[in-house]
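Feature list (source: Swiss-Prot):
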type	residues	note
ACT_SITE	Glu364	active site
COMPBIAS	173-183	compositional bias 'Basic and acidic residues'
DISULFID	Cys294-Cys347	disulfide bond
DISULFID	Cys323-Cys329	disulfide bond
DISULFID	Cys341-Cys424	disulfide bond
DISULFID	Cys379-Cys408	disulfide bond
DISULFID	Cys452-Cys477	disulfide bond
DISULFID	Cys463-Cys486	disulfide bond
DISULFID	Cys472-Cys507	disulfide bond
DISULFID	Cys501-Cys512	disulfide bond
DISULFID	Cys538-Cys575	disulfide bond
DISULFID	Cys542-Cys580	disulfide bond
DISULFID	Cys553-Cys565	disulfide bond
DOMAIN	219-429	domain 'Peptidase M12B'
DOMAIN	526-581	domain 'TSP type-1 1'
REGION	138-210	region 'Disordered'
Amino acid sequence: MLPAPAAPRWPPLLLLLLLLLPLARGAPARPAAGGQASELVVPTRLPGSAGELALHLSAFGKGFVLRLAPDDSFLAPEFKIERLGGSGRATGGERGLRGCFFSGTVNGEPESLAAVSLCRGLSGSFLLDGEEFTIQPQGAGGSLAQPHRLQRWGPAGARPLPRGPEWEVETGEGQRQERGDHQEDSEEESQEEEAEGASEPPPPLGATSRTKRFVSEARFVETLLVADASMAAFYGADLQNHILTLMSVAARIYKHPSIKNSINLMVVKVLIVEDEKWGPEVSDNGGLTLRNFCNWQRRFNQPSDRHPEHYDTAILLTRQNFCGQEGLCDTLGVADIGTICDPNKSCSVIEDEGLQAAHTLAHELGHVLSMPHDDSKPCTRLFGPMGKHHVMAPLFVHLNQTLPWSPCSAMYLTELLDGGHGDCLLDAPAAALPLPTGLPGRMALYQLDQQCRQIFGPDFRHCPNTSAQDVCAQLWCHTDGAEPLCHTKNGSLPWADGTPCGPGHLCSEGSCLPEEEVERPKPVADGGWAPWGPWGECSRTCGGGVQFSHRECKDPEPQNGGRYCLGRRAKYQSCHTEECPPDGKSFREQQCEKYNAYNYTDMDGNLLQWVPKYAGVSPRDRCKLFCRARGRSEFKVFEAKVIDGTLCGPETLAICVRGQCVKAGCDHVVDSPRKLDKCGVCGGKGNSCRKVSGSLTPTNYGYNDIVTIPAGATNIDVKQRSHPGVQNDGNYLALKTADGQYLLNGNLAISAIEQDILVKGTILKYSGSIATLERLQSFRPLPEPLTVQLLTVPGEVFPPKVKYTFFVPNDVDFSMQSSKERATTNIIQPLLHAQWVLGDWSECSSTCGAGWQRRTVECRDPSGQASATCNKALKPEDAKPCESQLCPL
């Protein structure tokens, strides 16, 4: 665990923070909260010695002389702001910035300190006689001769220090269509557009190799910000400041404790596209623009997560208007869901509309972090209606500042991180661009007329006759045309925080408040864990369930950007570990059977019977409920998580807990060291059984008995090795019950692919006939006797290579002689005529909606060669329609 950085003494910390300031021109280096007095001043240049710059300020009844020298020592080598110009090559913008920064003293006092930027006016801060002062330009130009606001903050240290990253470390969504244009007498109209490949997202869960589970850890979302040519043309020299301000607003939203995690947005690189031919292809098709941008941004990312320029997600900002269904052009952003650690898909596209784009950015980044819309079926099923005032509301109306994140958003994010799908966020960046921390409405970039131009276009400005109730709460804008109607958007379009709204008053969260109240220092409070809650309900009534206890980060709750709690947020223990009464069904099988009553039918209208599917399931998906139609290859994922306490697989004792495989013993206790011995006895010493092994002697054509394995046998392993260079040597394993029913490769129908064989709750795993080592395995006690056979097809002679082993309880009467005697009575005669030989059905060609399944149907003669003498009228079908789950609209 990396320790949190110790707090250094004031002077070096102030120097570092204030030197970072000019990247966000006009923003104070520390939160603008609590200024005591301010005056407008015009800096004047004084003669200075060689290599020194002297500036004079007059305010508060006295003069200030700043003697400054160049100082860019705080800029890390990794610092990157790049531009794509006419050459198509990225050129660094930091070289010019390095000449912006100066530090020095005030009025010759050795204990004073000044740190400022001289690019685009004078921005920065200084300390003198125990008081702190900040200065920033009030105009849009870059001259020193323009008015600047000098603000006095009282004793140094009276304002809260900015919160840096927490270094302490303890793992196709739809487009967002939030706003529609309105005239003042129009009704609010909006529709939600689904992007390409959109679907209702399942909770992002799966098994993981991480050892830490249900732990709150600091996460760092390393971000590439890209502004296209339309942004560069619209904002000009203010572009960098604008996009960093958007990110600053979004970062504050992600610091709110309602997100239930420690999320830090970090900008590692800004890329400004000055020539559109070198940028991503942007059009009014939001989905297509996203695909183009995702492909384009990959060239700038470093593959190693440890590289200082590596980023976890890329965001494109554009002035392009996106149009969707029925020609509606009110889509504001688009992103794929749950792609945060996928370098090919972790990206989003944002339509810039001034400061409002910060909320769109936060929303689309939420999709990338796996959050669905608040009105999606999974959210409403779990939490009910959640209103329209959270970040992930499908339509942006007004953000609930006290609870910006819905419980559903917090849950999906937590499951993404606890499931190990956000491990790329665990590393803190080596260097990140500082974000503005002041009130944006204080800057010339966001004066009222500028806010109107950014949202509606260059010909708009603020309506002068705004009603008293709309001051700060609703931005109305108009043009100077023949009919100067006032326009607005959404149910709520508040003025930028910090916008002057009257003498001595500023806007704050849609209200006009006294300036001293808006800028009053807000104490920063780190969060603390509340006591552990009671143990919850056990997930099972027998066989080893799991119960949870949780604790919340609300003692105290983080306030004003304070750190969210780090450490374990949930703990679990085993419960009801007694064995279940034997019923011949596994717990996973019972979960699949629940869907037998649903309207899933075959071509003849018969209800399908569902059994667990293990074969072909990736290790990370073992805790999803995969079920296969009995006797068919069709399968479905019915649940994103099996019930806690379900075995991860037939060959392991590990159990699923919240979608993750965790270690457990044969006594059904989590983290227990107890294991099954070779006899299948929990904690046994392996002395209650004996080993049986053997091999097959030369056989006749047809089905030949190898061995009949008695009930109670464990650790069964039957192997048939193909001859080198021969894919089909004419020998295949088969399996049948005591009453003669075939479970595997019977009636000359060979299973080429891996499959599971379910026998009264016990699974036998079959490798498939195409495997070089054809294998049949089972690890748990066999519930009934089974006969293993070898099918030998006439043709080129390849002697079989079959070996088998298993363990039989000492009290079971079994001898190899009796097995061999039985084997001699079950020899099948050679095939006498050509027959149709069937392969297994393929998977459905479509993951949703209608598709097709295919299989091989071949006519083979008694020698196994292709033949044309089979009865074509009796040829089985080789294709059939299949239907997976309905495709989302």
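Using the three backbone atoms N, Cα and C, a Cβ is placed for every residue, glycine included.
Since we're looking at a predicted model, the values are computed, not measured.
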Cys347 (disulfide bond): which of the recorded positions Glu364, Cys408, Cys553 have a C-alpha within 10 angstroms of it?
Glu364
Neighbour-count leader, CB within 10 A, disulfide-bonded residues: Cys341, Cys472:
Cys472
For Cys542 (disulfide bond), find which of the recorded positions Cys341, Glu364, Cys463, Cys472, Cys507, Cys512 come within 10 Å, Cα to Cα.
none
Reduced to three states, what secondary structure does DSSP give Cys512 (disulfide bond)?
strand
Select the most exposed residue of Cys329, Cys452, Cys507, Cys553, where exposure means the fewest other Cβ atoms within 10 Å, treating these as the disulfide-bonded residues.
Cys329
Counting only residues 6+ away in sequence within the same chain, which have a CB under 8 Å from the CB of Cys477 (disulfide bond)?
Gln451, Cys452, Ile455, Phe456, Phe460, Arg461, His462, Cys463, Cys486, His487, Thr488
Using DSSP and three states only, what is Cys463 (disulfide bond)?
coil
Roughly how many Å lie between the Cα atoms of Cys424 (disulfide bond) and Cys580 (disulfide bond), rounded to a whole value?
41
In Å, rounded, how far does the Cα of Cys512 (disulfide bond) sit from the Cα of Cys408 (disulfide bond)?
32
Cα-proximity to Cys379 (disulfide bond), 10 Å cut-off, over disulfide-bonded residues Cys329, Cys472, Cys507:
none
For the domain 'TSP type-1 1' (526-581), what are the DSSP-based totals of helix, strand and coil residues?
0 helix, 17 strand, 39 coil
Nonlocal residues around Cys565 (disulfide bond), in sequence order (Cβ under 8 Å, 6 or more apart):
Ser216, Ser262, Gly527, Gly528, Trp529, Cys553, Pro558
When DSSP is mapped onto helix/strand/coil, what comes out for Cys294 (disulfide bond)?
helix
I'm trying to understand the geometry here, so how far is the Cα atom of Cys408 (disulfide bond) from the Cα atom of Cys472 (disulfide bond), in Å to the nearest whole number?
30
Among all the protein chains here, how many other CB atoms are within 10 A of the CB of Cys512 (disulfide bond)?
18
Reduced DSSP assignment, Cys477 (disulfide bond):
strand
Nearest of the disulfide-bonded residues (Cys294, Cys323, Cys341, Cys501) to Cys575 (disulfide bond) - Cα to Cα:
Cys341
Local backbone state of Cys379 (disulfide bond), from DSSP in three classes:
helix
